[in-house]
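Scroll down for the structure; my scribbles are underneath it.
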Amino acid sequence: MAEKKKRRRADSDSNSASQPFKNLLKSDAQILQILKSVTSSSSSSTSKPLTLADLALSSTCREVSDLSLSSVQSTIESLVLQLTHQILSGQGFSFIVPSRSSSNQLYVPELDRIVLKDKSTVRPFSHISSVRKTTITAKILSLVHQLCLKNIHVTKRDLFYTDVKLFQDQVQSDAVLDDVSCMLGCTRSSLNVIAAEKGVVVGRLIFSDNGDMIDCTKMGMGGKAIPPNIDRVGDMQSDALFILLVEKDAAYIRLAEDRFYNRFPCIIVTAKGQPDVATRLFLKKMKMELKLPVLALVDSDPYGLKILSVYGCGSKNMSYDSANLTTPDIKWLGIRPSDLDKYKIPEQCRLPMTEQDIKTGKDLLEEDFVKKNPGWVEELNLMVKTKQKAEIQALSSFGFQYLSEVYLPLKLQQQDWL
Amino acid sequence: MESESPTETKKGKSKTPKKEKESILKQKSPAEFFAENKNIAGFDNPGKCLYTTVRELVENALDSAEAISELPVIEITIEEIVKSKFNSMIGLVDRERVDEELYDDYETAKAREKRLEKEARAQEIQAKNAALGKKVKEHAVSKSSKGRGEASFYRVTCRDNGRGMPHDDIPNMFGRVLSGTKYGLKQTRGKFGLGAKMALIWSKMSTGLPIEISSSMRGQNYLSFCRLDIDIHRNIPHIHLHEKRDNKDKWHGAEIQVVIEGNWTTYRSKILHYMRQMAVITPYAQFLFKFVSDAPDKNVTIKFARRTDVMPPVPVETKHHPSSVDILLIKRLIAETSKQNLMQFLQHEFVNIGKPLAERLIGEMGPEFSPKMAVKSLTDQQIVRIHQLFRQAKFDDPSGDCLSPAGEYNLRLGIIKELHPDMVATYSGSAQVFEGHPFIVEAGVSVGGKDVKQGLNIFRFANRIPLLFEQGGDVVTRTALKRISWNNYKINQTQDKIGVFVSIVSTKIPFKGTGKEYIGDDISEIASAVKSAIQQCCIQLKSKIVKKMQAREQQERKRNLSKYIPDASNAVYNVLQEMAKSHASKKKRYEEGDADILQKVSDHLITKETLYEKLTQHVEKVDYEMALEYATQTGVREEPREDIYLQSLDGKGNFFDFHSPIFVFRLFL
């Protein structure tokens, strides 16, 4: 008998050794209680978001808006007529394109996102350095004009394949596409050009996609691909307490298979790395309509934080549309540099940062959107100092399900987010 | 010498397995040591031996000619000696094989069967190909791999116009390992007094033939001839013949002839590379390289002509820098010094110690030291104290005056001569210091040229010797590959033909490993000097490249712009056409001017061709304007002129001079 007891104790000892901090966990009901109080307080505090006009910045900053197909069409047409006048008068032609270079970006702390300033560059046809881009711009304009006439959607890839010889590389046609939406003052989705599906969502969410009702708890393990046309998404309903944003596919699969969203009602989203436009629009829409807190689970390296910042403050590449693409108030749940020691992640699961990593980390420390959050600065400083990084998968050293069974519940219980 | 003992015991073991414990204490002469470890001096295998022998002889010859400021003229001849000739040379009768099966290359019946089968098959294929009218490739006659016994022998002869050697010193200069004239602190090619002796040891090991030396010094009316070999066990010369002969032509210099085993086939390219690179770094020398064999098609004769008569100054011997000496060296300097007291010793035996500094140093050494104390009476402890102070105290860096870099001019000439590049830039750094030894880094970077492969071609020189082996670990290779961002200088690292030349000179080159083959990448002083020298060259090149690109842009602008006219006019016209349609069907209303255009599009008054023509006209106009602007900006600019060297003819003074204020025109008759 005594022996049995001993063994059991040894068992539980070894269990707690292999999954440390499990004994700190309270019951799920208690954790849920904590979460509910947080959710109710956060949803009441959200107010109407500020706009550039509120800050009297609309003259010095540029922003685009959703335009209807017909107004996109007529904007293109008047632009083309201007070009025709120029050509016929023998002056060649040129575009005036808003500059999207990093010197033309501005972080506005009040809005907590990056916006585009009003600098523009002239793109003349008759200059050796811009002739190529000018031609591509004209070509893209004419292609978008066709889309407007026919009222269809195509992918960026489709667009590229209309004239591979001219575009040479999809990167070039993609970049010019952004220039065009900037130039016309409309969002990229208004151009009827979409990117291939990348993001997925699973959990306690019901919405309509082009008229079909989707229940994300009944989408199997993989979840529902986030639809590229956000304008066809609507009627969002949810009983979730929070949205969990996951950087990586692997962690997403773990959580989806363990049906984490049934234990703690939530919506799990991932864009599998750098987020695409559709995922960012979708997250924004969820946040705005459901008024749920967004918690982010990213790698403990500079790129994890960078991805987090893209969701939160927007990317420099698409800052012209940051109003539609950014989701304010995302909390950094993990894995944070301080977690490495706090959760005793073994040395062999941590990786030394490369020189490039450290440089990226230091550059991030200079960015305004990091500086505004003292907690983030502290964490990033710690990362740069220890020169160690870790992926979400490092937690698997305590067992594959440690993430869903111990780490996340404990984090939620302690409200340990920044 | 550590490696010595294990082989020794091993030998003992195999020979006398029973008396294991009885090890006899043996002495080894330096010559014996180097004979057994000849790889240390670069004598790894017969091929490398041939290469190193050539190299050592050439370098000695250059040093010798430069020592008397004579423009070097060096002839090097490698003569292949087939086995039968070699045997007759040493008086050995050729023996026919009697017991065929005794030999390593004996072909067993089974092997022959296999070979015949293979040959038959090959012939069949060939016949088939011939029947099909295909071009029949010269079927490579399956070379029977050389058996172990099939050695090739070479007579290597090197003749120079240098200083020559004093008659009585010759035996010791060749027959005694680790004796030499270049031990001082001075930039020389050779250093250890090993090269020529190693060649001799190798000839003794592989052929048993002696070395032959003829030499005469300037103004000497006789010629010394010496035939000798080396007594390896005692490290002393063994003289066969040592006599004075007539010197009819008033020749001065040395001619050294040695017969060794070697391998020309595998080291041919290395030897030729060596000669070529030597010609790059010493353009003021004239080399005649000959390879002679019985097969005339294999013979090689290359003359590397002199391209300049500007010779770098003779490096001077310098004194030691206090931060570079060790305890042993201090003791030796004390033993050799003619100075009496410590004060004078410090002042005269080292560089960069003046009187005030010497006084301060002595004061710092401690109470038991005084300026007037006899330097020879210093105890061991006191010497250690001096050494410690030397290491910690701050001294001025040694100056680079004692060094003799090749010079930018020479380096540039060499590069132009050997590679014929499109562009070349050179840079000579100022003297820097590593562990008390001054060094100078010179670099040249070239782009384009003939016989240059794409990507980086690295040429390394240390004390004006080309380094050919162990390229991977060398500081120059690593710097050029990893630390230079060629893109920044508009140079494409993989596409362009880049030549990188780096010459490092120093009183002590910190070679890595045994042979003098490469300089390690771990010395940050040298690495950063190399990097900045290469970068300086690149900066010079960049402006040239940018100019070239601009010029090319000028030429190609019209074509590049016109290329895009069809695409652009198409794109615009397509939209116009659609608009014209909806205008015609009155779906949409347009303003006056716009409606006018759309009407013309509908009526085919404005077509794709209209836009095309208008754009073409515009491009032509712009091109003309820009060409005009470019021309006024750049103006007529001339490339900087470069000095050229015209080799003087061996005229006997039979000429007329036509004088003009700026030149003299000399007409030889």
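Any Cβ shown, glycine's included, is placed from N, Cα and C.
Quantities reported herein were computed from a predicted structural model and do not represent experimental measurements.
What TrEMBL says about this protein:
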BINDING   B:Asn60, B:Asp160, B:Thr181, B:Lys182, B:Gly190, B:Lys191, B:Phe192, B:Gly193, B:Leu194, B:Gly195, B:Ala196, B:Lys197, B:Lys516  ATP binding site
COILED    B:99-128  coiled coil
COMPBIAS  B:7-25  compositional bias 'Basic and acidic residues'
DOMAIN    B:398-557  domain 'DNA topoisomerase VI subunit B transducer'
REGION    B:1-30  region 'Disordered'
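In this structure, B:Lys516 (ATP binding site) belongs to neither helix nor strand by DSSP; it is coil. The DSSP secondary structure for B:Ala196 (ATP binding site) is helix.
Cβ neighbours within 10 Å of B:Leu194 (ATP binding site), excluding its own Cβ and spanning all shown chains: 21.
Counting every protein chain shown, the number of other Cβ atoms lying within 10 Å of the Cβ of B:Lys516 (ATP binding site) is 25.
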